[in-house]
């Protein structure tokens, strides 16, 4: 599931590469190049869809935490998760996460001609490009008419609620899972191998959770709320937020490969050059290159 998500996220990044530009009045997310660069309306929808992948990452991690919780607390009910009703709930849950975030971006944060005119000076000064036809999503809190301010506040509050509820689920279920693993370790209700596997999977889950928190949640929240208190974080938006959002689909699978022994060993074996081996009968004889070893066969006459 995570691998498919990372591939789709990477494709969305290729189609809609974004930049983040901010000042003490707000923050603007815009398309920097690509297929939708010269189509403002279509580009805004494409950006809203790409932003929806942030919410999808939250949904997938919630599902992962729920799965790990069921595996430890209700293992006999785990099979229901893979039945049609369970899969339907998972698909619906992920879709609602994606749609909610994308619709909020499209309806509340989509830039109009007035917003493009407001940010035009900064665009010409920093990028030497007119903002008239650039697809963008904007959050402006100050020095704009109240309708734009209201939409910006409403959109950011909704996005914050989605983000905070997701983080709360991670920490609550993560705490319960940690306590359960400590309990079964102390009581030795599972074998040592099973306990070690549960620990490895939980560590992997913690790392997978830390990646979107550091790569998605913190950069976006800082970019959203710094202008409210009058802090200009243009450097942060350009050099941290943009890079962090783009690096997420690459870092996520690398962390899993490095932490899960089976994946790591499979990658090591695949990268190792094949050895020169000859298998004779049930024995494996390693024959070095340019060897003078001669294999002799003898005929045994039975009279």
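Glycine too: its Cβ is placed from the backbone N, Cα and C atoms.
As given in TrEMBL:
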| type | residues | note |
| --- | --- | --- |
| TRANSMEM | 47-70 | transmembrane segment |
| TRANSMEM | 82-104 | transmembrane segment |
| TRANSMEM | 152-173 | transmembrane segment |
| TRANSMEM | 201-226 | transmembrane segment |
| TRANSMEM | 238-260 | transmembrane segment |
Excluding the flanking five residues on each side, which residues at least 6 beyond the ends of the transmembrane segment (47-70) place their CB within less than 8 Å of a CB in that stretch?
1-2, 5, 8-9, 12-13, 15-16, 18, 29-31, 36, 77-78, 81, 90, 93-94, 97-103, 105-106, 110, 135-137, 162-163, 166, 169-170, 173-174, 176-177, 201-202, 205, 208-209, 212, 216, 220, 245, 248
Go through the chain and flag residues at least 6 beyond the ends of the transmembrane segment (152-173) whose CB is under 8 A from any CB in it; none is fine as an answer.
26, 55, 58-59, 61-62, 65-66, 68-69, 97, 100-101, 104-105, 107-109, 138-141, 209, 213, 217, 220-221, 224-225
Positions on the same chain near the transmembrane segment (201-226), where near means CB under 8 A and six or more residues out
2, 20, 22, 27, 54, 57-58, 61, 64-65, 68, 139, 156, 159-160, 163, 167, 170, 174, 177-178, 181, 232-233, 236-237, 240-241, 244-245, 247-248, 251-252, 255-256, 259-260
